[in-house]
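If you check TrEMBL, you get these features:
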type: BINDING; residues: HIS40, HIS65, ASP66, HIS138, HIS164; note: Fe cation binding site
Amino acid sequence: MRTEYGKLNKMEMGIWECCELLNDVIDESDPDLDEPQIEHLLQTAEAIRKDYPNEDWMHLTGLIHDLGKVLLHPGFGELPQWAVVGDTFPVGCAFDKSIVHHKYFEENPDYHNSDYNTKYGVYSEGCGLNNVMMSWGHDDYMYLVAKGNNTTLPPAALFIIRYHSFYGEASFTIPTLIDIDSNLYIEPMHTKYCCSIA
């Protein structure tokens, strides 16, 4: 899917048009939200604007962070929710037991592959999160869209977009400089803006 959707050839539209496509999408993987995704995007952007009024790039990042969920729309292939939404996790190494529905990995050939089923798998200790392949989903798609369209958002914004659904342990990755800079923002995104907003 990463190769196919990385071509970025499904549709061309502006950000607001894309937001409107999510007017009928409810993310079934998020027990905190039972509202259309467009409302979640607007609430996230507004909450960030309130807390960080001088950080325009963060407001925009909050607005677009889940736009990759357009992959659920017929114009983008109408992928099933299991292939688009939910938490992301590293592949190419042992599946962390904290991953939701971990038991189903036992049916995945990688679970039994000695190249992949160790703590570091195909990676080296301290390689940095940006060097780790993550499971495919809406986060990676939106990251590819932003990069493929020569975004002017700072690296921290791209990091937030790409990793905001990753909640597992990344103990094998010593952060790269961009990881460190971006982690200043990813913690508030996880705890305050990517869950239900009071």
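Cβ atoms are placed via backbone N, Cα and C, with glycine included.
TrEMBL annotations: computationally assigned, not manually curated.
TrEMBL feature annotations superimposed on the structure.
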residue: HIS40; record: Fe cation binding site; DSSP (3 states): helix
residue: HIS65; record: Fe cation binding site; DSSP (3 states): coil
residue: HIS138; record: Fe cation binding site; DSSP (3 states): helix
residue: HIS164; record: Fe cation binding site; DSSP (3 states): coil
Check: When a 10 Å sphere is centred on the Cβ of HIS65 (Fe cation binding site), how many other Cβ atoms does it contain?
Finding: 26
Note to self: Validating a neighbour-count step here. Other CB atoms within 10 A of the CB of HIS40 (Fe cation binding site): how many?
What the structure shows: 25
Margin query: Using a 10 Å radius around each Cβ and all protein chains in view, which of these binding-site residues has the most neighbours: HIS138, HIS164?
Written below: HIS138
Checklist line | Other C-beta atoms that fall within 10 angstroms of the C-beta of ASP66 (Fe cation binding site) | finding: 26
